[in-house]
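Novice: First, the structure itself, so that you have it in front of you.
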């Protein structure tokens, strides 16, 4: 049995521009994502992370190389609907993904288009809204909700399609801190409680701390790969790429440089407090 949800094999993607040289946005990427994994892809603007993510449910097809989703080649047109049913996608702006005037109708939109029976749709909509803690808002108009609530409705709309994997392309970029926290908690729960494979594209380091594994992209290539502790403890390399690290990791780095004997892989405030309390 194939343990991988998504496999990228020597993937190259070129943006073809009229009268200009084509721009390589993804440059020979090899990446396997396991079923049930929570993977974060980090990178600054223009690193290729969003372009790569759009290959993971066949929104884009590679110029060279192959992408497999649940063992299906994205270049095979007969696989497209199965792939998009298996791997849902949530974008930055929830307003661009909401199509109905009532929350529960919006969540029902995807299953209706799959031709699913009304009783089954009702069941899926209720279940999806409960999973994102938005069931009590099912009869609200989406435009009356906060940004974080709208994004959770967009996630519910994907969940109603029963995907095995959800790709989040900077889903908190347009949200305030409280909305961001709501959405990140929802993403974590979908992974931990329901076993859904999560691929989160972000530039917020505090979100990346929650991942099983982090991939860092720069100039279309994967330049680092490892656990959050392995990635963030390498502060000079992250800074060199143009990325920040979590505040507590940066503080640990500065304390080390000042001669304080403290671990370099501290990620959270609690870990920092514990480390400082153990100093003599």
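Backbone N, Cα and C define each Cβ position, glycine as well.
Taken from Swiss-Prot, the feature ATP binding site applies to 43, 44, 45, 46, 47, 48, 49, 50. Annotated domain 'ABC transporter' per Swiss-Prot: 6-244, in sequence order.
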Novice: Restricting to the domain 'ABC transporter' (6-244), report the mean pLDDT as a whole number.
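Specialist: Mean pLDDT, the domain 'ABC transporter' (6-244): 92.
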Novice: Which chain-mates of residue 45 (ATP binding site) that are at least 6 residues away have a CB under 8 A from its CB, listed by sequence?
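Specialist: Expected: 203.
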Novice: For residue 48 (ATP binding site), just count the other CB atoms lying within 10 A of its CB, please.
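Specialist: Neighbour count, Cβ to Cβ under the 10 Å cut-off: 22.
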Novice: Using DSSP, would you call residue 46 (ATP binding site) helix, strand or coil?
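Specialist: Note: residue 46 (ATP binding site) is coil by DSSP, not helix or strand.
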Novice: Centre the Cβ atoms of 43, 44, 45, 46, 47, 48, 49, 50, go out 8 Å, and tell me which other residues of that chain have a Cβ in range of the ATP site.
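Specialist: Checked against the 8 Å cutoff, the neighbours are 51, 217, 218.
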Novice: Going along the chain, which residues six or more apart from residue 47 (ATP binding site) have their CB under 8 A from its CB?
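Specialist: Long-range Cβ contacts: 217, 218, 219, 220.
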